[in-house]
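Undergrad: Structure provided below as structure tokens; questions to follow.
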């Protein structure tokens, strides 16, 4: 199997290994890692395919989950594919993991299975009390390629659902977050159908998540995603929050990136930070 989330490594040791030289970039990265090391003791490398933003976010969310989020508990959660496809014919062109040419019913059933799997895994892991056992359960899940990729399909579909809700809210004169305007201001995603064709269908295959899609992921999961963007060290974008005005009650997950393309995860909060 391919390992999706590598074992933890001391964060400064990792930094010294990766950034040896005396270039301005290397110096900035080292400073960035030093700042992260004030809060976290270790780092876990995340496998660098085009799913890495989804992988890092989901791994962090599950490894600290203590309950099932309310949106996962709702009755009609697993009916989502069916309900959306009955309203929007174009969702039939949703591309599932490298398998093309499926029939309409199959896509709907398959996504439903992924959503059920997401709920089941989240529930099981959140019920594990001991931190070591919880971590082991996460590690095991992220070594099972079939299940892991099914969960990313579920997340992508939830992102589509969120985009449709935001788009409709905006058209009906309701208040929407600023990122929603930016999302639909792109030439390639002026509506949810284009967003699906030109962006969501490509995530994991030929592209990762763009910045504005990090906001969409945060809204879909109702999590605040806090990212240390190391190449922005010493600017006010060094620590970026998606969304930047998070809801009070959303849990927070923390990621690290050197370039806004690949994400790793910091682990083991330093004791004094926790107090």
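Glycine is no exception: its Cβ is also placed from the backbone N, Cα and C atoms.
What TrEMBL records for 49, 262 is active site. Marked as active site, nucleophile by TrEMBL: 52. Look at TrEMBL and you will find 237 tagged as site 'Linear diubiquitin binding'.
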Undergrad: Between 49, 52, 237, 262, which of the recorded positions has its C-beta surrounded by the fewest other C-beta atoms within 10 Å?
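TA: Taking 49, 52, 237, 262 as the recorded positions, the minimal 10 Å Cβ count falls on 237.
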Undergrad: Out of 49, 52, 237, give those recorded positions positioned within 10 angstroms of residue 262 (active site), comparing C-alpha atoms, in sequence order.
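TA: Final answer, ordered: 49, 52.
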Undergrad: Give me the Cα-Cα distance between residue 237 (site 'Linear diubiquitin binding') and residue 49 (active site), rounded to a whole Å.
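TA: So the alpha carbons of residue 237 (site 'Linear diubiquitin binding') and residue 49 (active site) sit roughly 25 Å from each other.
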